[in-house]
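Have a look at the structure below before the remarks.
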């Protein structure tokens with residue numbers, strides 16, 4: 001297993017990993033290579049890297065991509081990145097919170113970019129929400145190393161669907177590409193990770209996403225309950241209207257949220273919208 005000198009770099013610059021920021025640095029060269037390969041990066045690609053840290057993945061990205069925008073929140077790492085990556089002229093180091101990233105500010109060619117990296121575990125759900133729902137321009141592909149259990153939640157199918165799964169699957173096709181052992185990081189996290197991709201990303205047509213997720217959140221509000229009472233509480237409608245709504249969408253009133261695919265939620269949204 002190839003090792004990358006993240007630990008040595010931190011010692012050189014007298015920096016300790018910040019546990020509050022969930023900092024675990026990739027030290028497995030093979031895994032870094034898998035991430036770059038899985039993202040299918042070419043010279044015409046612009047890459048937005050989340051949490052470059054010491055630049056482990058950044059260097060590999062720069063070797064394959066036309067442009068890399070490395071967004072690092074922890075200002076302690078900016079001098080490291082600028083010094084260690086100064087020979088690579090296609091890297092732009094940005095000291096900012098990735099959740100505030102707006103691609104429109106960076107003159108990205110054709111506004112096409114790929115989101116790649118190994119973000120802190122705690123950031124995962126908000127990261128997907130920002131880049132799939134909130135940002136004005138979505139990435140064409142997402143390739144991230146995240147906590148294994150969270151990745152499994154994202155790719156879930158009935159009867160194990162969940163809010164995060166719907167929130168990602170509405171926009172693209174998610175897949176776990178590889179399981180990554182915790183020893184691939186320093187400091188080693190307590191759990192294993194997974195390399196996950198989201199491809200064929202696009203906004204759903206003719207859907208008010210705010211209203212759509214209002215319905216989905218209502219459905220998942222009490223996971224053990226049937227959808228009928230959940231929609232009554234969450235949408236402020238009568239029990240009869242809730243049953244009729246579900247039946248009109250081809251969903252059994254006794255069904256639970258975990259058994260519905262994204263298409264079912266879209267049908268439910270369409271039927272509800274037609275009644276208002």
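Each residue, glycine too, has its Cβ placed from N, Cα and C.
All protein chains included, residue 24 (S-adenosyl-L-methionine binding site) registers 23 other Cβ atoms within 10 Å of its own Cβ. Residues or ranges marked as S-adenosyl-L-methionine binding site by TrEMBL: 24, 26, 51, 72, 97, 118.
Sequence annotations record features per position, and here TrEMBL assigns domain 'Ribosomal RNA adenine methylase transferase N-terminal' to 31-202.
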Under 8 Å by Cβ from residue 118 (S-adenosyl-L-methionine binding site), same chain, sequence gap 6 or more: 26, 35, 51, 57, 144, 145, 146, 193
Spatial neighbours, same chain, of residue 97 (S-adenosyl-L-methionine binding site) - Cβ under 8 Å, 6+ residues apart: 73
Long-range Cβ environment of residue 72 (S-adenosyl-L-methionine binding site), under 8 Å and at least 6 residues apart: 51, 52, 53, 78, 81, 93, 94, 95, 96
Neighbour count (Cβ, 10 Å) for residue 26 (S-adenosyl-L-methionine binding site): 22
